[in-house]
Amino acid sequence: MNIPQEVARRRTFAIISHPDAGKTTLTEKLLLFAGAIQIAGSVKARKASRHASSDWMEIEKQRGISVASSVMQMEYRDCVINLLDTPGHQDFSEDTYRVLTAVDAALMVIDAANGVEPQTIRLLQVCRARNTPIITFINKLDREVREPLELLSEIEGHLGMDTVPFSWPVGMGKAFGGVFDIRRNRMRIFRAGQERRGEDDEFIDGLDNPEIPRRFGAAFAQASGEIELINEAAPAFDREAFLAGKQTPVFFGSAINNFGVQEVLDALVDQAPAPGPRQALEREVRPDEPKFTGVVFKVQANMDPAHRDRVAFVRVSSGRFERGMRLKVARTGKEMRPNNVVSFLSQRRELLDEAYASDVIGIPNHGVLQLGDVLTEGESLRFTGLPFFAPELFQAVEVKDPLRTKQLRVGLTQLGEEGAIQVFRPEAAGGALLLGAVGQLQFEVVAHRLKTEYGVDARMMPSRYTSARWITSDDPRALRKFMDANAAHIAYDVVDAAAFLITSPAQLRVAEDLYPNVKFHALREHGGKVFGDKA
């Protein structure tokens, strides 16, 4: 099959939600319906079934949250679907942002009892900023939940886009009878069961079929009135408006009971976009170009703790990847020929022979690749839009056993390169390493991973710093003068970019006034010292 045909088959999306909305459950059920797993949580492997929950890191298993990001690929209806699972805790917006730069659509999961929650709003803001098309799944209809019209109004208020229901619930909780497919004009009858795949589902055709009110009484009377209101007042689905981020199709169901999953999977194939062009500083890169390009959007350490490995997650931007092909790392100009390239189903890996635009490949990485690196067949390209945000929280870190100092530095270097934490090395001699984060849980995760993956018992200590700004200047002497005068507040991150550590907003304002030739940046792009606007 040629490159344009393969590109047209691809669908790459992420699931976004607030913790406990059912994201992990829906992830497993999508894999189940696509045939990638036999039962929820078990991979269909050649020799044996293996656990394949997307929550695979040890701390995730203990706490029931997604901290790392997993990649899963499945085939369904002659389409190749790449699912990127995002961190599900409110502290992990930066890592989640990096994942959302690698997808072409998002599936938003909402708990029907709680509505649109804070974490979902933050993720929606990222999607809206990128005009990412969003499909909405309102989950847990088998429980007592809020009125569906109220939920739609709330979604529209937070999203700033029209909702277009593709299905509508008949009843809720113990009275949940099923969902009415508005576009196909039929009702799918609800039956509980965690292993059912829909082959034996019962349908009743027609909103005016007397069988539905006979069986579902008052629940259907309310639902039918709401459906008529939707048909009269709601906007018709417009795929162009959806692709532009102006409409979201809405589905209702119960992921734990495999109900409504089929419709969502079909919508991903029928409505979600194939890979589109990606913008580099030099030019626009189209997915069907003959030559390969790809971007490292994540580096994950210790996916296999037994081997202390690091894997670079690369989204293919164009062309065809072949195992063993000669590639150039645009940042360094160095060549590499990756042979042990893998695809993923959560922690399980398989050797990969080829990949196309929007596929995610894993390249074993021993420090050669960094976040934001661009791989090409020789062209020098710099893709945009993969930033580090200035940390909002800081802690100093020391090792309890001085003999483990080297292991501490190795661990923090690897965790910093994968983006799990930001690590700053003070310019002043003898200063403790500083960790910067956007959420408190990141410190707990790093301490846990240092202990379990690197054998380092680290001590976290409060820091006086409240933020940081990366510093640059067109005048090297002006920059050096500023750094010398503020040596106690200067540190370097994992790519040796200089940063000014701040104790208060007033300190930053004074520095900006005294040193007008120095630029203070609230973000920097991965893979190089390309900085955003002053903030």
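Including glycine, each Cβ sits where the backbone N, Cα and C put it.
Listed in Swiss-Prot:
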- 8-278: domain 'tr-type G' (DOMAIN)
- 17-24, 85-89, 139-142: GTP binding site (BINDING)
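Projection of Swiss-Prot feature records onto the structure.
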residue	record	DSSP class
S17	GTP binding site	strand
K23	GTP binding site	helix
T86	GTP binding site	coil
L141	GTP binding site	coil
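Using a 10 Å radius centred on the Cβ of K23 (GTP binding site) and all shown protein chains, the other Cβ atoms total 26. Other Cβ atoms within 10 Å of the Cβ of T86 (GTP binding site), summed over all protein chains shown, number 26.
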